[in-house]
Amino acid sequence: MNGLLGYLADPWQHVFMQRAFLVAAMSGIVSGVIGTHVVLRGMAFIGDAVSHAVFPGVAIAFVLHTSLVIGGAVTGLLTAIAAAVFSQNRRLKEDSVIGVFFAAAFGLGIVVLSTAPGYSGSLESFLFGQILGISDRDVTTVAVTGAVLLAAALLLHKELVAVSLDRETARALGLPVFALDLVLYALVTITVVISLQAVGNVLVLALLITPATCARLLTDRIGVMMLLAPAIGTLSAVVGLYLSYTYNLAAGGLIVLVATGVFVACWFLAPRHGLLAGLRRRRSVGPAARRPAAVGS
Amino acid sequence: MSEPGASHGLLSIRSLSVQLGGRDVLHDVRLDVSGGELVGLIGPNGAGKTTMLRCVLALLPHHGGTITLDGEPPVKRRGTIGYVPQRHEFAWDFPTSVEKAVMSGRVHRVGWLRRPGAADRDAVAQALERVDMTGLRRRPIGELSGGQRQRVLVARALALDPRLLLLDEPFTGLDVPTQELLTALFGQLRQEGKALLMTTHDLPAAAAMCTRLCLLNRTVVADGHPSDLRDPDIWLRAFGVTRSDQLLHSLGVIR
């Protein structure tokens with residue numbers, strides 16, 4: 001076997017690495033699709049809140065030896081619903097309320113987890129991911145849950161887009177805007193929960209936001225964005241895992257760093273919206289003859 | 001549904017009162033808009049113009065009086081009114097094309113779990129044609145000028161083929177060619193028997209194009225054909241000022 005092929009094939013002899021690749025890739029795909037909505041709505045902060053709120057649920061489920069996915073989904077959804085309710089009121093600043101709640105949720109999670117034996121080890125695996133310790137059942141859970149999430153995002157795509165484009169008009173047309181908000185928050189929550197194992201609680205937001213942000217720089221079509229973001233997420237996850245395997249470094253951190261590298265590259269090199277493209281346009285056309293700017297109102 | 005001439009009082013507002021945050025925003029509002037009319041809703045900032053439109057769209061509750069659309073309350077007529085909000089209400093940085101942005105105005109007609117059909121695509125194509133945006137239908141909405149954006153919003157409303165159009169300051173910040181295009185389009189729609197109600201701050205243009213002007217300041221101060229509203233006192237009362245030569249000059253009420 002030649003060097004490169006050997007390098008690529010080597011991790012696959014281990015079952016734990018096969019599971020890691022599968023879960024990382026699936027997390028990348030789902031996070032990319034759901035993250036596209038998160039980025040386009042400018043709700044990265046809510047994603048952050050949910051990812052913290054998931055923590056106490058996961059901790060409680062861990063202590064009680066029940067499903068981590070269900071535990072995390074319950075507390076994450078409760079927070080998401082609270083956030084959705086608060087944000088219906090146009091006058092209230094939702095970010096401070098959420099700021100209070102998610103810090104509290106995180107504190108609660110740490111307290112709950114401290115009741116379990118071997119506390120610091122399990123805390124570490126929640127915070128920073130445990131992608132090398134994934135069971136077959138975890139793989140199945142992530143696959144099935146991920147498929148449901150993708151189906152929901154596909155089926156509600158045009159309604160979610162209509163609300164993102166213009167909430168007031170969507171409501172005037174009779175769309176259940178509040179219910180659609182709840183569904184989107186639920187999708188974000190469950191995406192966070194299933195991606196926890198890959199990159200951990202602290203970094204899960206990066207998997208949601210970074211690939212979608214890269215994709216936004218590369219295209220002006222949401223459909224293309226929803227293909228590019230999962231591709232970038234999966235690529236980052238797989239490359240991060242290879243680096244982790246080769247150099248024996250933390251997988252979750254490497255996955256996020258690779259995604260960040262892609263982001264920096266896109267920021268400079270994106271064909272239309274990148275820095276270089278902007279400079280080139282300015283030089284070749286000259287400031288006076290530039291396209292009429294799209295004037296906002 | 002509507003045979004021309006019999007569509008009297010498509011929109012009918014009686015003794016409407018609205019409170020927002022405990023404050024009276026509108027009281028005793030009475031207004032009718034029929035098919036074939038283009039009514040200009042005029043008043044100072046904070047007069048309750050947008051609030052009134054939002055009540056007709058069932059986006060805000062009203063505390064007194066009635067609003068009827070073809071004899072039905074607004075909640076029942078949701079999704080039948082063409083609404084053109086102010087341009088900043090729309091997420092212009094969203095990665096989508098002109099065509100798809102216009103299609104989003106029909107999302108409830110397309111229905112849950114369905115893709116747009118031939119009827120939806122035809123409606124969108126016709127709406128784009130009417131605002132002269134067919135050539136730009138695949139362009140990302142982020143690359144449009146202010147005038148093009150306004151035309152997209154009008155097309156999105158027209159894609160519903162509505163009998164009543166509500167337009168919130170459609171002329172604000174537009175260049176002259178776009179103003180002329182929209183003015184001509186609104187005239188055509190009126191002749192087709194549609195009812196149009198628009199808020200505007202462009203008083204001379206409103207006086208020239210509207211079949212009726214409704215002067216609003218918390219309540220209806222005056223309502224009539226532009227030529228019937230030549231008494232300066234009415235205008236000063238509507239804008240809550242005692243004297244404004246600029247206002248009256250711009251209307252041609254005094255020379």
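Please read every residue number as a count from 1 along the shown chain.
Each Cβ is built from the backbone N, Cα and C atoms, and glycine gets one as well.
These come from TrEMBL:
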- A:20-40: transmembrane segment (TRANSMEM)
- A:60-86: transmembrane segment (TRANSMEM)
- A:98-119: transmembrane segment (TRANSMEM)
- A:139-157: transmembrane segment (TRANSMEM)
- A:169-188: transmembrane segment (TRANSMEM)
- A:194-215: transmembrane segment (TRANSMEM)
- A:222-243: transmembrane segment (TRANSMEM)
- A:249-270: transmembrane segment (TRANSMEM)
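The transmembrane segment (A:194-215) shares more Cβ pairs under 8 Å with A:249-270 than with any other stretch in the list A:60-86, A:139-157, A:169-188, A:222-243, A:249-270. Away from its own ends, the transmembrane segment (A:139-157) comes close to residues 19, 22-23, 26-27, 29-30, 33-34, 37, 67, 69, 180, 183, 187, 190-191, 193-194, 197 of its chain (Cβ-Cβ under 8 Å, at least six residues beyond either end). Taking Cβ pairs closer than 8 Å, the transmembrane segment (A:222-243) reaches residues 7-8, 11, 17, 20-21, 24-25, 27-33, 35-36, 40, 131, 161, 198, 207, 210-212, 214-216, 249, 251, 254-259, 262 in its own chain, all 6 or more past its ends.
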